[in-house]
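Following: one structure in structure tokens, then a few remarks.
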Amino acid sequence: MVKALAKHGVQGMAQNGLPANKDAFRKTWNPKYTLRSHFDGVRALAFHPVEPVLVTASEDHTLKLWNLQKTVPAKKSASLDVEPIYTFRAHIGPVLSLAISSNGEQCFSGGIDATIQWWNMPSPNVDPYDTYEPNVLAGTLVAHTDAVWGLAYSGIKNQLLSCSADGTVRLWNPQEKLPCICTYNGDKGHGIPTSVDFIGCDPAHMVTSFNTGSTVIYDLETSQSLVMLSSQIDSDLQSSNHINRVVSHPTLPVTITAHEDRHIKFFDNKTGKMIHSMVAHLDAVTSLAVDPNGIYLMSGSHDCSIRLWNLDSKTCVQEITAHRKKLDESIYDVAFHPSKAYIASAGADALAKVFV
């Protein structure tokens, strides 16, 4: 976003120091880096909070650490290839979910093996040809009994949320001797959770989406469900109800959901009512991310495209074709860098791509 402001200079600013027009923050993203090294689909990715560094998690059972400043020119293209500087190995089976701590010192990964592995992040300048570092694996969080599909981290109390195919959502304080603080939806009353996030404007609350089409806000302390977010559409079609991702707006009491039926929906956390619904892609919407300033939403889909949306007007400001299909699946995850002008996507084609 900084680049975009520099481009428009002072003339784009109104008296109050805010952009005079909605487009002053507009940035057109262009492909820059291709991250090739995984042997199978890349299910999740996350950026370091301040460094030009990211972690990817793959169905090839590994996670990889990438430093975007360590590149090799790609053959026959303007983009740069990046080589991983570290490979994390501990999961038995595909790695499905990922979260990085707010200080960038730890990383957590959830797998089909029902474990959450907890890692100390190697230095961005680690030599990829160094010997194996046993102290990178900090521990394993064990309590789930099935695949861990979603993770979210909050720096306020340094807590981790996880959701699993076993039907539960769990809250963790990884540093504690008994790290699992609380369990939610133990009776599977709402279905199987598919995604989880801390509420940006109220970190004492979290939101979880379910395969039944329900989205529920919980009080983390009391573990009570506070608000059911409903779109008033009850159909018998389980698959069309299926929610792939839920994200909380960083500053507003708004929850956004991505659906198997190509929709993105917006909800008011206070009333539980739907604010807006739109057909956002040509295929299932798999992933969502809100930019750190809360102005743009990014969505990824099995239609092979990333779309950027103005959150205010709900209009699409850019579409990028990013990945190839593999067995009818394409993009699994998208992310904004918390403090630098990078976005990234993770694909079933075993690639991750970074745009600037």
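Note that Cβ sites are derived from N, Cα and C of the backbone, with glycine treated the same way.
Feature annotations, reproduced from TrEMBL:
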- 35-76: repeat 'WD' (REPEAT)
- 88-121: repeat 'WD' (REPEAT)
- 141-173: repeat 'WD' (REPEAT)
- 278-319: repeat 'WD' (REPEAT)
Using DSSP, break the repeat 'WD' (278-319) down into helix, strand and coil residues and give each count.
0 helix, 25 strand, 17 coil
Would you mind listing the long-range same-chain contacts of the repeat 'WD' (35-76), meaning Cβ under 8 Å and 6+ residues beyond its ends?
82-89, 91-100, 102-104, 107, 109, 111, 119, 121-122, 124-126, 326, 329, 332-333, 335-340, 342, 344-354
Please give the average pLDDT for the repeat 'WD' (35-76) in this predicted model.
90
Could you break down the residues of the repeat 'WD' (88-121) into DSSP helix, strand and coil, giving a count for each?
0 helix, 19 strand, 15 coil
